[in-house]
Amino acid sequence: MSLFRIGHGFDVHAFSETGDLIVIGGVNIPHERGLQAHSDGDVLLHAICDALLGAAAFGDIGKHFPDTDPSFSGADSRNLLRSVVSKLHQKGYKIGNIDGTIVAQAPKMAPHIESMRVNIASDCNVSIDCINVKATTTEKLGYTGRKEGIACHAVALLEAQKN
């Protein structure tokens, strides 16, 4: 097995007609609409979970936390991320770095990015220097540009620990 493994994750959630905040990177961000989701709808943490699971060839977030399971209804995605990290550690993987890109026309993410990085680093038991989060728009194109939802991509590097 290779010592280094790379995974990519993607998630998207549509805005709902109700709510007054969204959760991204474990941070509550005021917004005129919430996100439609079975859990808390944290697209960043969901994409990161998928990237980590993919790098380890463990499947995807839906396999481990299915939206058909009522126990995950309204779930805090930070708990999901911590569970994924625990699975990785049990199999001898160490997180090298994580890079996430939030795609949203609104709300502005820049004021919240440092708090997101702190949360992710804490939940992954890594230095904040191993976590990068950035945000972009689609210049008003597509569903994110029309403010219909938020998407996120994430890439993760894992290192398999030698036995």
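A Cβ is built for glycine as well, from the same backbone N, Cα and C atoms used for every other residue.
Swiss-Prot annotations:
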type	residues	note
BINDING	11-13, 38-39, 60-62, 65-69, 104-110, 136-139, Arg146	4-CDP-2-C-methyl-D-erythritol 2-phosphate binding site
BINDING	Asp11, His13, His46	divalent metal cation binding site
SITE	His38	site 'Transition state stabilizer'
SITE	Thr137	site 'Transition state stabilizer'
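Put simply, Arg146 is the one of the recorded positions His38, His46, Phe65, Arg146 whose Cα lies nearest to the Cα of Thr137 (site 'Transition state stabilizer').
Of the listed binding-site residues, namely His46, Arg146, the sparsest Cβ surroundings within 10 Å are found at Arg146. Highlighted in sequence order, Val12, Ala37, Gly41, Asp42, Val43, Leu44, Ala47, Ile150, Ala151, Cys152 have their Cβ within 8 Å of the centre of the Cβ atoms of Asp11, His13, His46, the residues recorded for divalent metal cation, and are not part of that set. Secondary structure at His46 (divalent metal cation binding site), as computed by DSSP, is helix. Other Cβ atoms within 10 Å of the Cβ of Thr136 (4-CDP-2-C-methyl-D-erythritol 2-phosphate binding site) number 13 in total over all chains.
Figure note: comparing Cβ neighbours within 10 Å for the recorded positions His13, His38, the maximum is reached by His13.
When the recorded positions His13, His38, His46 are ranked by how far their Cα is from the Cα of Asp69 (4-CDP-2-C-methyl-D-erythritol 2-phosphate binding site), His38 comes first. Taking His13, His38, His46 as the recorded positions under consideration, the smallest Cα distance to Pro107 (4-CDP-2-C-methyl-D-erythritol 2-phosphate binding site) is found for His13. In the three-state DSSP classification, Asp11 (4-CDP-2-C-methyl-D-erythritol 2-phosphate binding site) falls within a strand.
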